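Student: As annotated in Swiss-Prot:
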| type | residues | note |
| --- | --- | --- |
| SIGNAL | 1-49 | signal peptide |
| BINDING | D84, D85, C122, D327, N328 | Ca(2+) binding site |
| ACT_SITE | C122 | active site, nucleophile |
| BINDING | K176, H269, K345 | substrate binding site |
| ACT_SITE | H178 | active site |
| REGION | 531-599 | region 'Disordered' |
| COMPBIAS | 572-584 | compositional bias 'Basic residues' |
Amino acid sequence: MAPRGCAGHPPPPSPQACVCPGKMLAMGALAGFWILCLLTYGYLSWGQALEEEEEGALLAQAGEKLEPSTTSTSQPHLIFILADDQGFRDVGYHGSEIKTPTLDKLAAEGVKLENYYVQPICTPSRSQFITGKYQIHTGLQHSIIRPTQPNCLPLDNATLPQKLKEVGYSTHMVGKWHLGFYRKECMPTRRGFDTFFGSLLGSGDYYTHYKCDSPGMCGYDLYENDNAAWDYDNGIYSTQMYTQRVQQILASHNPTKPIFLYIAYQAVHSPLQAPGRYFEHYRSIININRRRYAAMLSCLDEAINNVTLALKTYGFYNNSIIIYSSDNGGQPTAGGSNWPLRGSKGTYWEGGIRAVGFVHSPLLKNKGTVCKELVHITDWYPTLISLAEGQIDEDIQLDGYDIWETISEGLRSPRVDILHNIDPIYTKAKNGSWAAGYGIWNTAIQSAIRVQHWKLLTGNPGYSDWVPPQSFSNLGPNRWHNERITLSTGKSVWLFNITADPYERVDLSNRYPGIVKKLLRRLSQFNKTAVPVRYPPKDPRSNPRLNGGVWGPWYKEETKKKKPSKNQAEKKQKKSKKKKKKQQKAVSGSTCHSGVTCG
């Protein structure tokens, strides 16, 4: 029992009232303990304080200032971040050795998309995101849009930013376009974006922003709206440069007005370049390409952290939806990894088309979850328009679905199939034939389709090995360890149950011919809706040497009319004489009779 006067709650005592001789030693020990706790807390919080100080300094350098948070608009701010060539394994939460703390945190607090598909190469994924249509419905089903081709996303397609502008959104694009630019009408600012800062091609040097398509075909590839951004020819690394522009856009925009930000980073596409400080954590990676790739991805992860911080700083975050996606699978020869999936970028195996993706937003109802429902990149078009309270014209046939309730509430996806593609030009399967397709489909044609659990591939799907991460491979940058499978001679059809066999190791086409026939018929049905392929030959007028050293619009319509030939001129003269005679007869024959006055 405590001595009287040292327990309870008496009236305020004198300073010595509760100093009891029996407690002096204990109080001294307690004071020492509290001092130790304070020192420990100060040490542990030092790292966090430094991090916050660095973030504050970064924003200050960008000319930004703190503003109160406000959410007066019912329409959410939409931020779509597209990475380039990021492999399925190349994120921390998929087991990668590459550090991605920002992506891991955003995904963990949001919804991870673990059954999410894109296209195997750049242009098709970007076109499907911005139109909500499969590439067979835009004519872009073969390869990519080359910088020397007179080609671009068809102008009769209403784009996502155009639809968002209709309902009051400010629309901005930063980064890689890669949807064609041969005419001014094809440029991002003519396709719905209020502002554009980035590259038209997207695979040039990260510092100089120059791109060579072939020997003698080189030019500068950085634009500010419709003009070359020569002021930025100063050696700034593109990932950091694009992030600074995003910060500036957010700093100058009123958060009570809805904004759509399309941030299409160049990273981690080759060439493999990164600032030196990002290599520090990866000295143990022996493979040089993998090490460079890891440094690039760490820089990208930091950039996305800075974008997220800017959203919070300027009052956008609480009413924002952040969507993160890769545009296609990784390229193992350039440091990427899709392990344990089969194949790589440019193929229709899972490694080429199954992507890293997640949604992060305070507006999500089910945060911290994993979505295993079928989702495709075309789905963002109707989903974002619906979230923006916009309307889709009834006569527009989309291939995407509104999947917000699937993501936010965990409901079933309205999507049951995906047409990965039909490329009628790519027919390199030597043994493909109508007979192999049961008379339903020519299996020489490269195609792939997913219907519920089943996936069918025909033709030549592309490089088919399983390639483990090359971190500790010492074979050199141009060689890599892989697990190879020898394709059966004469093979042009494959069938997999992707739910049971996501790594595509067991071909079931011979076991289930009935399912093969059903999927071939579905391919045939899709093909009946396809538009002609747009893949024109090169145009020499595209050479940057003819356009001030810049990649940019070069095509001009022929406005001059041809002079008529002598025969054509004579015919025109005779026709005009006949017209004059008829007019004279009509006038002479218009005399009024019976005293009626002509009016």
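Note that Cβ sites are derived from N, Cα and C of the backbone, with glycine treated the same way.
What you are looking at is a predicted structure, and each value in this text was computed from that prediction instead of being measured.
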Student: Let me know the largest Cα to Cα distance in Å among the substrate-binding residues K176, H269, K345, as an integer.
Tutor: 18
Student: When the Cα-Cα distance from D84 (Ca(2+) binding site) is computed for each of the recorded positions K176, H178, H269, K345, which gives the smallest value?
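Tutor: Ranked by Cα distance from D84 (Ca(2+) binding site), first place goes to H269.
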Student: Would you list, in sequence order, the residues of this chain other than K176, H269, K345 that have their CB within 8 A of the centroid of the site's CB atoms, where the site is the one recorded for substrate?
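Tutor: Output for this site, in sequence order: D84, D85, C122, G202, S203, Q266, V268, S270, D327, N328.
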Student: Hey, which of the binding-site residues K176, H269, D327 is the loneliest by Cβ count within 10 Å?
Tutor: H269
Student: So, three-state DSSP: helix, strand or coil for C122 (Ca(2+) binding site)?
Tutor: helix
Student: For the recorded Ca(2+) site, enumerate neighbouring residues of the same chain (Cβ within 8 Å of the Cβ centroid of D84, D85, C122, D327, N328, site residues themselves excluded), in sequence order.
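Tutor: My list of surrounding residues reads L82, A83, Q86, I121, S125, H269, S326, K345.
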Student: Please list residues from the chain of H178 (active site) whose Cβ is under 8 angstroms from its Cβ, counting only those at least six apart in sequence.
Tutor: C122, T123, R126, I144, I145, L200, L201, G202
